[in-house]
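All remarks here apply to the structure that follows.
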Amino acid sequence: MGADEPGIEAWYLDESQEQQRVSKKILDDLGVLQWHLNADLYETDPELKAIRDERGYDYYDIITIAPGKLPNYEERIKSFYEEHIHTDEEIRYCLEGSGYFDVRDGSDRWIRVWTKKGDMIILPAGMYHRFTPDSNNFITVMRLFSGHPIWTAFNRPQEDNRARVEYVNNFLAKTKKCAQS
C-alpha cells in the first residue's frame, strides 16, 4: 500500500499537541495486519474470500455500534474502551462508519488507529488494545473468527496470560531488539 492509497491512519497518543504519524512498518512489527477492501462488495469480494480462506476465518457476524442500534450502548462502549487482550486475534472489517482502535506499542505508548469504511484490521492475540467510536458515533463492522466465536476480553493487567506471553515473545521482544540495533 503506497502513501497515497486509501487505508487506515494511525498516530501516537501522548501529551504533545503534535501529530506523530505511525508508519505501516511500525504496525506490521507490532503484529497489526491491515487491508483496504471494497466494503460495498463484501458479500462477493474475491479478495475478502481469499483472506478468509488463507487465515481460516469460517465464521462472521455483523454488528452496528451506534445509539439505538446496539443494546445497552453506553455500557457496551465503556467496556470496549477498557484496555484488554483476547486469547484469539481480533478481526474487524469496517463496512460503514468509522472508529478508533488504540493499541500499545513496545514502550507501552498508545497508537491510535482510525478505521474507516473498507478497512480491515487484525490485532494479534495478547495485544493490549481498546476501541471507541469516533465523533460520528456510528460504525458497522464484520467480526470474523476461526471456529466458534469467542468474545472474552481480559482486562489489563494480563502479563501472565499465555496469549500475552506469546505476543510479548513473538512481537514486542523483536521490536525492542530492532530498536537497540
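Note: Cβ is positioned from N, Cα and C throughout, glycine not excepted.
Automatic prediction, not curation, is the source of TrEMBL annotations.
Quick look at what TrEMBL lists:
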| type | residues | note |
| --- | --- | --- |
| BINDING | HIS84, HIS86, GLU90, HIS129 | Fe(2+) binding site |
| BINDING | HIS84, HIS86, GLU90, HIS129 | Ni(2+) binding site |
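The binding-site residues listed here are HIS84, HIS86, HIS129; among them, HIS129 has the most other Cβ atoms within 10 Å of its own Cβ. The Cβ of GLU90 (Fe(2+) binding site) lies under 8 Å from the Cβ of ILE122, LEU123, HIS129, each of which sits 6+ residues away along the same chain.
Note: the Ni(2+) site is recorded as HIS84, HIS86, GLU90, HIS129; in the same chain, ILE85, LEU123, MET127, TYR128, ARG130, ALA153 also have Cβ atoms within 8 Å of that site's Cβ centroid.
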